[in-house]
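Below: the structure, in structure tokens.
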Ligand SMILES: *Cc1c(COP(=O)(O)O)cnc(C)c1O
């Protein structure tokens with residue numbers, strides 16, 4: 001008789017949110033950040049303003065480190081610079097014990113200036129300049145080779161050296177729910193990696209020491225890591241069989257989810273974002289379970305970015321205009337085309353709308369996520385779906401299509417959260433100055449960690465050719481005046 005396979009019951013606590021705010025007749029608000037009033041921050045440092053909580057950064061790092069070190073004897077975190085490379089942020093993580101993970105010569109330089117020794121830098125990325133590779137070799141950085149051209153460049157750099165140089169290979173894998181990021185590294189499923197490893201054994205002075213896989217980003221299902229860890233262990237065993245020596249470290253990259261909310265995500269992040277323990281369990285159990293008995297376990301590197309920094313970052317912004325927005329019926333389709341949620345579209349033809357003093361040039365991640373937007377003062381009236389526009393002169397500058405907000409007026413402040421990952425490194429200067437960034441320390445002291453931009457800063461690299469430097473106008477013929485018909 002055919003029987004269905006037995007599935008172990010899985011009991012998960014359902015975390016109910018607060019009582020429906022629509023019925024309660026009041027809106028959630030964010031009056032202070034780490035004990036410092038939002039109004040005071042905006043008054044002292046201007047609006048908009050990025051705010052980071054040092055306490056939240058340190059607590060999250062410790063939570064992540066604990067989750068892994070409880071389960072695995074040799075764990076090392078490497079701060080993913082591109083997620084947020086403001087020096088103060090990097091230094092918090094370095095103080096906590098994190099080394100650096102960089103993906104370009106620029107980031108490598110930045111990590112060195114932050115006092116990170118070359119041997120404590122993991123060098124990733126699909127484009128490493130020859131000069132950067134030479135430096136990384138000299139300073140014993142952990143180079144994670146992305147492609148065959150890079151491997152051959154390295155081989156030529158190390159050919160005449162007296163000592164062998166250690167490298168790792170970046171691998172991409174089919175891990176389940178996530179699309180394979182095949183842009184990066186070598187294919188770990190079809191034998192390509194093994195071919196490359198065989199090739200390395202024939203190259204003078206290169207030793208394979210590690211295998212790296214960064215599955216992707218915002219991975220909501222920890223099972224992807226179970227698959228990735230299993231494949232890396234299998235590849236490590238095969239690598240040794242074909243004469244590459246023992247693999248000393250496995251690097252599982254980053255990708256753990258923060259408490260951001262994707263477009264079209266129905267449940268709140270509190271219910272969808274796995275705990276760091278669940279990621280740690282998937283990775284550590286797998287490696288410990290499959291690593292050959294009697295062999296030292298490999299060191300485990302993690303390059304967690306957004307899960308450590310996203311929730312610690314806020315953007316304070318001010319309402320500069322209140323509008324009604326007309327919504328023609330084709331709007332839903334149009335919005336869907338922009339990838340913005342049209343879920344709470346009222347049948348009536350208009351909606352509340354606000355304009356903020358910050359735009360999507362500061363909030364690049366709103367292309368994928370919907371930040372929470374909270375008023376900075378307690379509000380008693382009922383939240384209504386509100387379109388939140390940014391301040392740019394572009395129709396696509398929509399921060400949220402339908403944020404539930406009480407009625408606000410010009411001058412009111414709002415707090416956007418979480419926005420700590422990628423927004424600052426990917427922000428662009430456009431028609432206005434980028435805002436200051438402050439960090440609140442554990443004693444509630446506020447520190448400016450990046451000043452607001454000004455005209456001198458923005459124009460610093462510009463040059464005016466000599467023939468444009470004088471004030472005299474070029475003589476030109478009189479303009480032809482069109483006759484009025
Ligand atoms: C971007 C990146 C990370 C960090 O990813 P998160 O999703 O922010 O955790 C880690 N490793 C590599 C190679 C990356 O490119």
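Just so it is clear, glycine is given a Cβ too, placed from its N, Cα and C backbone atoms.
Annotated in TrEMBL:
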- 61-309: domain 'Orn/DAP/Arg decarboxylase 2 N-terminal' (DOMAIN)
- 82: N6-(pyridoxal phosphate)lysine (MOD_RES)
- 393: active site, proton donor (ACT_SITE)
Checklist entry - What three-state class does DSSP give residue 393 (active site, proton donor)? => result coil
Checklist outcome for this item: One should report the C-alpha separation between residue 82 (N6-(pyridoxal phosphate)lysine) and the residue listed as 'active site, proton donor', rounded to whole angstrom, as 28
Next on the checklist: Is it possible to get the count of other C-beta atoms within 10 angstroms of the C-beta of the residue listed as 'active site, proton donor'?
Outcome noted: 9
Checklist outcome for this item: Around the Cβ of residue 82 (N6-(pyridoxal phosphate)lysine), other Cβ atoms within 10 Å, all chains included, total 19
